[in-house]
Amino acid sequence: MLTIPKTKYEPGRTELATESFLIKPNLKGDWLNFFMLLLLYTMQGLPLGLSSAIPILLQSKKDTSYQDQALFSLVIWPFSLKLLWAPLLDSLYVHKIGKRKSWLIPVQYLIGTILLYLGSSIDILLPETGKPNVMVLVYLFFITNFLSATQDIAVDGWALTMLNKNNVGYASTCNTSGQIIGVMIGSVFAILFTSEDFSNKYLRITTGVEGIVSMKTLLYIWGILFMLITTMIAIFKKEKDNTLEDGYVKLNISKTYSLLWDIMKLPSIRILAIALLTARIGFAATDSISTLKLIDAGVSKDDIMVINTAMYVVKMIIPLIIAKYTSGPKPLSLYLKVTPIRLLWNIVFIVLIYYTPTIITTNGIVNIPVYYYAILIFILSIQEVLSYMMFVAILAFFSRISDPRFGGTYMTLLNTLSNLGFVWSSTVALQLVDLLTSKECSFDSMNNCSTLDLQNICKANEGNCIVTINGYYVEIIPCTIIGIAWYIYFRNILKNLQIRSPSHWLINVKKPVVENIEESFPLTVTV
């Protein structure tokens, strides 16, 4: 059993940190900073929205396998690997530009440049007919998300100093609401506004060809906006110099990397790390495969995205509604209350996926009844609300325990552990679903339909690939059992962690002598 050892009381640092924990949050005089953070997190979310739209577009074209989906899932890994380069952002910067702006500005310009390049080549990489070039898409989106993850490091660190200390809990509100706005823009526009069927049904007066906007045009628009907004931030937003604050410690690259080790040596962090890396196993199959299975069953990508669009609005509101719980001293209490409900919701998805083909298909023709949409909206709504409540709660906890002197590195470490727990379990779940699924061609039992070529051979001979064992069900049941075991084991541990005093999360770093500060840290760039 994991135990939480006591930490030595250190006067001075402890009282200073505790003071900011006890002051009541008040955004008066901080609203401009609040909206600034909201904008930055929105820009961060747009590439993520595009990354979430591509798998749906791929699945709807029927020319990709779950192995391709597993390959494309690698594009979100930079958000789980950013810990490797996060210390550079805390160590190397141009003092006159600002610690965070020194990285934020060039990174956002590069994202805009890649979006413009994608706009010029997307019709070749993701054609209307034929097999998409999944590998090149993976390369481009991996680089884009690498840059977006770097922007995330800078913004997370800036949030801890941009907002007043008593308002730092609102950083998670900016993060979650802003990021979901960006994700919504990136995914909804890419799927619905480029869809001919959706545009003709809901957006046009007269029937037309293709969507009301092409993917190429969208990417050009977003690329230009990234350039313009970044220029405005570079010119008009000044970064506060926190080098004069009490407790400020200036670190070079080697000491910043050693800081990561110092953080990981904290007993409370080690326990939290184990919990974060295993927390998402219980939801891996449901989160990563369910939507794709609905599309396989006959539910259109447009219907899925319309429902998800409504969910985005809910997601933007949720952080504001639960802010009084997440900005308080015990945000993990909300996380723990929601976890068992969400685990039970896995069973609901098993029933939904199992009966969907029967309900929406009549004589081989997809005809979705109205009551099915009502059921689908209800199930997906509850799933999204529960998931997002957990997300906001854990981010609020990270904001409260992070040492603001090393905000970028500290927050990045915590977010990396959380993201890594998600991506490794999702990638494994996608990789395994085809391996665990058994099929055979209706006219040839020797054809197991394991590849697109074998599936095409079966169809060419007027046969159908029949699923004999569905890998989705094989995965989701053990995932749920593991999730229940995780909850039973970590429930009291996490409750105890969140009531630990601030001193348990602070790093004891000796402050260098002022006279020798430039000699001690030669790798920090000052102009």
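Quick reminder: no glycine exception, Cβ is built from N, Cα and C everywhere.
The annotation transmembrane segment is assigned in TrEMBL to 34-58, 70-89, 109-126, 138-160, 180-198, 218-236, 304-322, 343-365, 371-398, 410-433, 472-490.
Below 8 A, the CB atoms of the transmembrane segment (70-89) and the transmembrane segment (34-58) form 3+ pairs separated by six or more positions in the chain. Contact between the transmembrane segment (218-236) and the transmembrane segment (180-198) holds: at least three of their C-beta pairs are under 8 Å, each pair 6 or more apart in sequence. Sequence-distant neighbours of the transmembrane segment (371-398) (same chain, 6+ residues past either end, Cβ-Cβ under 8 Å): 169, 171-173, 175-176, 180, 283, 286-287, 294, 299, 303, 307-308, 310-311, 314-315, 318-319, 322, 325-327, 331-332, 334-335, 338-339, 341-342, 345, 348-349, 352, 356, 359-360, 411, 414-415, 418, 498.
Counting same-chain residues at least six beyond the ends of the transmembrane segment (343-365), those with a Cβ under 8 angstroms from any Cβ of the stretch are 282-283, 285-286, 290, 293-294, 297-299, 372, 375-376, 379, 382-383, 386, 472-473, 476-477, 479-480, 483-484, 487. Listed stretches 34-58, 109-126, 138-160, 180-198, 472-490 were compared with the transmembrane segment (410-433); the greatest number of C-beta pairs under 8 angstroms is found for 138-160. When each of 34-58, 109-126, 180-198 is checked for Cβ pairs under 8 Å to the transmembrane segment (138-160), 34-58 comes out on top.
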